[in-house]
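Structure, as C-alpha cells:
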Amino acid sequence: MQINVLSQQFNASSLAENSMACPANATICNGTSCVLLEDNFNETLSIILSTVLTIMLALVMFSMGCNVELKKFWGHIKRPWGIFVGFLCQFGIMPLTAFLLSLIFDVLPIQAVVVLIMGCCPGGTASNIIAYWVDGDMDLSISMTTCSTLLAMGMMPLCLFLYTKMWTDSNAIVLPYDSIGISLVALIIPVSFGIYVNHKWPSKAKIILKIGSIVGAILIVLIAVVGGILYKGSWIISPKLWIIGTIFPAAGYSLGFFLARVAGLSWHRCRTVSLETGMQNTQLCSTIVQLSFTPEQLELMFTFPLIYSIFQLLFALLILGGYRVYRRHRVKTKTDVEKTEEKEDSTSASSHAKINGGFVSNEAK
C-alpha cells in the first residue's frame with residue numbers, strides 16, 4: 001500500500017515536472033520541445049510588424065523601381081533570354097537541388113517535403129535590394145522576380161507533383177494562391193510608380209533610390225529579427241535540416257551564377273541571376289507549411305524556412321562584402337569606366353571650345 005502511494009506521488013511529481021517543461025497550451029510536447037498556439041499578444045505583434053514591414057517593403061520596391069529604365073525593362077520582356085535563364089535556375093535547378101539534398105541526407109518524408117516546397121518557391125524581393133548593392137542589372141532583377149512570382153502559380157504545383165510523389169501526395173499540399181497574388185501586386189504596383197518617377201524626374205529618382213537602398217538594408221535585418229521573434233516552434237530539430245539549410249542557398253547562388261555564365265550573360269547579369277536563384281520567398285514557404293500540415297508534423301519541420309532565410313541572407317552579405325572588396329581593390333566597374341569616359345569627353349570638349357572660341361559641337365554635349 002505504501003509502495004502504491006509512493007508510486008502515485010512519483011507520478012504526480014513527474015507530471016508536475018513535465019508541465020513545468022512544457023506549457024499547458026502547447027499543441028504538441030516532446031520533452032522540452034513544444035509547438036505553441038499563438039497567444040493574443042503574439043498575434044497582435046505579428047499583425048503590427050507585418051503591416052510595418054509591408055509598408056517598408058512597398059517603399060523599398062518603389063525606390064528600386066526608380067533605378068529601372070522603361071526601355072531596358074521592356075527590352076528584357078521582348079528579348080527574354082536573361083529571364084529564360086533565370087526561369088531555368090528558379091524552377092529547374094532549385095527543385096532538383098532540393099530533391100537531391102533530401103535523397104543524399106535521407107531525411108524523413110515530411111522533412112523532404114518542406115525542403116522541396118522551399119525549392120519550388122519563386123524568388124524573394126530581397127534579391128532586388130542585394131542586386132542593387134552588387135551593381136547588378138536592376139531591370140533584369142525586377143523582371144525576373146515579377147515573372148517568377150507570376151509563373152509560380154503554375155510551376156509550383158507542377159514541380160511539387162513531380163518531386164514529392166515518392167514522399168507524399170501532392171494534393172495534400174495547400175498552395176495559397178491569394179498570398180502569391182498579393183506578393184505579385186505588392187511588387188508590381190510600387191515598382192511601376194518608381195519606373196514612372198524615373199522616367200519623369202530622373203534627378204529626384206536618384207535621391208529616392210539612395211534613401212530606399214539604405215532602408216532596404218535595414219529592412220532585410222528587420223525581417224530576420226522579426227522571423228526569430230515570431231517563430232515559436234522548436235529549434236531542436238534534426239541536424240540534417242540545419243546542414244541542408246546551409247548548403248541549399250549556397251548551391252543556389254553558385255549554380256545560378258554558373259548557368260548564367262554558361263548561357264553567355266555578362267558578369268553583372270550573372271550576379272543578378274545568382275541572387276535571384278539563391279534568394280527564395282521564405283514567407284511564402286512558411287505560409288504553405290502552416291496551411292498544409294498538422295501540429296505533430298510541424299514539429300519536425302517548423303523552423304526550416306527560417307533556417308534557410310538566415311543562411312541565404314548570410315551568404316548574400318558575404319557575396320556583397322566580397323564584391324565590394326573586389327571592386328575597391330582590383331577592378332573598375334562599368335560605371336566607373338563610364339564616368340571616366342564622360343570626364344575625358346567633357347575635358348576634351350572644353351579644350352576644343354577654347355580653341356574654337358567657345359563653340360561646342362552638339363556631339364560633344
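Each residue, glycine too, has its Cβ placed from N, Cα and C.
Features reported for this protein in TrEMBL:
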- 45-63: transmembrane segment (TRANSMEM)
- 83-105: transmembrane segment (TRANSMEM)
- 112-134: transmembrane segment (TRANSMEM)
- 140-163: transmembrane segment (TRANSMEM)
- 175-195: transmembrane segment (TRANSMEM)
- 207-229: transmembrane segment (TRANSMEM)
- 241-260: transmembrane segment (TRANSMEM)
- 306-326: transmembrane segment (TRANSMEM)
- 334-365: region 'Disordered' (REGION)
- 334-346: compositional bias 'Basic and acidic residues' (COMPBIAS)
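At the 8 Å Cβ threshold, with sequence separation of at least 6, the transmembrane segment (241-260) lacks contact with the transmembrane segment (140-163), having fewer than 3 such pairs. Same-chain neighbours of the transmembrane segment (306-326): 118, 126-127, 130, 133-135, 220, 223-224, 227-228, 231, 241-242, 245-246, 248-250, 252-253, 271, 274-275, 278-280, 282, 285-286, counting only residues six or more beyond its ends whose CB sits under 8 Å from a CB of the stretch.
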